[in-house]
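Undergrad: Structure below; questions to follow.
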Amino acid sequence: MAADRGAGIALAVAVGALAHGAVLVMFRAQNTLRVYLGERVDTALSGEILTTAAGIPTIAHLEHPEYLDRLDQLRRGSWALATALWSMAAALATAVSLVLSGVLLGEIYPALAALCVLAVFPLLGSHRASRYRQAARDASAQQVRQERRLHELCVGAEHAEELRISDSARELDGRAARLWREVTRRQALAQLRGSVWELGGWLCFVAGQVGAVWLVTQQVRAGRATPGDVLLVISLATQLQWQIWAVVWNSRRVADAGHIVGHFMWLRRYARAQRSPQRRPVPQRLQRGITLDGVSFRYPGAEAPALRDIHLELPAGKTVALVGVNGSGKTTLVKLLAGMYEPTAGAVRIDGRPLAEYTLDSWRARMSGIFQDYAQFHLLARETVGVGDVARLRERSAVARAVSGADAGGVVASLPAGLDTQLGPTFDGVDVSLGQWQKLALARALMRERPLLMVLDEPSAALDAKAEHDLYESFGRRPDAGSGGVTLLVSHRFSTVRMADLIVVLDGGRLVEKGSHEALMASGGVYADLYRLQANAYADRPTTAGAAGTVPRTGDGLTPAHNG
Ligand SMILES: Nc1ncnc2c1ncn2[C@@H]1O[C@H](COP(=O)(O)OP(=O)(O)OP(=O)(O)O)[C@@H](O)[C@H]1O
């Protein structure tokens, strides 16, 4: 009999130990699985967020604080989103075990089952606390971005020299610290308010726990329960507390994820609304050219328009130069031609049809160019050039042609492994000078061989005099490859502007003059004044603004020899 009892105890201990071991193993396994799956979903989600954001064809939103704030929160909250399903499953599982504990309590004394219902108070408190925290995060989003930008400015290589010479890093760092203090103060306040609600919720539950123990003690006194029941109730009520805590914790994570889902859905809706509908593709070649038909444009949130009622014809196959003082609207006009923004009035027409009737992607595919803030891709040199036409990224011959067309052969020859050299010192690559980067950017612009619009927005700002001369020799007098493409040149250098077929002068967002160099010089207007102003700065002897047709001597850097 005693032996049987001993065997029974041993079996019970063995089963208990096995069960305990299994729970431990499963706990570890589920934790590892959660992290593994979470990371995979997080990677996929981050990719989806970036693809959605990068797929928006226009750029107005990039200057929209609401868009940037939401995108920033989305990127930082993608982990919450990735593990949301897991948290939801955990919340449900604990809710079920919570109900089971309630049933057990009800077995002891039916009224004790009500303890389960009291879980609603910590849940409500937590819900309210989450709302405070989320509101604080939303309200601080812009400051967080600002703080990060300042921080990156202070520690990054991009503006290191200027910051050191001006000793402004300390000032910027101080501003970043102030912003961070403001953000943490707001979030701490939200945390505090939330904690008061959470505490209130838990106090309600603890009051219920105390009441339950008091109730069962009364039952013991009345002889309707045993002291063992008191211990069981205390143990079940404590277990219930942990279960409620787990439900609250997981529901909070689900609520956070729900908030992030809101941003995600907003981004998708926004991207869908901006997507260019399937319309007609642009023609293979331009017959007439590109027309600006009463185009006006005001940047979102700006008080004054950047462009006003522009009527302009950019004839097919011609080179058109845009000139004007800083802020006159040259780059804005280029952005409208590229379809980055839509005009607020009027229309851009391609061979007479509004740009809006064409598929934006097909228009972009027939554009190329170099912009003021051209990119310095830290890739292999051939990729840095090749991304100008991604479809031919790996075509060495196309890349070599583009390099030679941009007169960037010397840059490539100076690289240790030629076109296979990794560029950019931050990735163990080679750095090149600003002018050399610009030559590579020019080569990139040449990857598309039959563009309908080629934009050269200050393409020679970093080039030496000879490189600039060669650039305009090859670009300005380039045949249009049979596409009737328009070359649009934006420059402050009048020596380069004068070779254009048509020169357009902007002032305060208005078109004030247009014509050939000779015609504009003869008319003695804004262009002639600006031209002579620049020419005088280079001339050995002063020239008078009134002396029409006075141009500096060949070879003085203003009038390259090729201009004659
Ligand atoms: N993103 C923007 N948001 C609001 N206003 C802008 C924006 N970009 C430019 N502007 C304003 O639009 C006007 C025209 O600017 P734009 O950049 O087109 O001039 P620009 O002629 O190209 O000047 P620059 O010669 O200095 O390059 C300016 O008054 C400028 O302040």
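Including glycine, each Cβ sits where the backbone N, Cα and C put it.
Annotations per TrEMBL:
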TRANSMEM  6-27  transmembrane segment
TRANSMEM  79-102  transmembrane segment
DOMAIN    80-256  domain 'ABC transmembrane type-1'
TRANSMEM  108-125  transmembrane segment
TRANSMEM  195-216  transmembrane segment
DOMAIN    290-533  domain 'ABC transporter'
REGION    543-564  region 'Disordered'
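Any idea what these are sitting next to in the structure?
TA: Tertiary proximity for the transmembrane segment (79-102) is limited to same-chain residues at least six positions away from its ends with a CB under 8 Å from its CB atoms, namely 34, 37-39, 41-42, 45, 113, 115-116, 119, 236, 239-240, 243-244, 246-247, 250-251, 253-254, 256-258, 260-261, 264.
Sequence-remote contacts of a segment are chain residues at least 6 beyond its ends whose Cβ falls under 8 Å from one of its Cβ atoms, and for the transmembrane segment (108-125) they are 98-99, 101-102, 197-202, 204-205, 208-209, 212, 215-216, 219, 225, 229, 232-233, 236-237, 240, 244-245, 247-248, 251.
Note on the transmembrane segment (195-216): residues 105, 108-109, 111-112, 114-115, 118-119, 121-126, 128-129, 132, 225, 229-230, 233-234, 237, 240-241, 244 of its chain, located 6 or more positions outside it, place their CB under 8 angstroms from a CB of the stretch.
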Undergrad: What mean pLDDT does the predicted model reach across the domain 'ABC transporter' (290-533)?
TA: 88
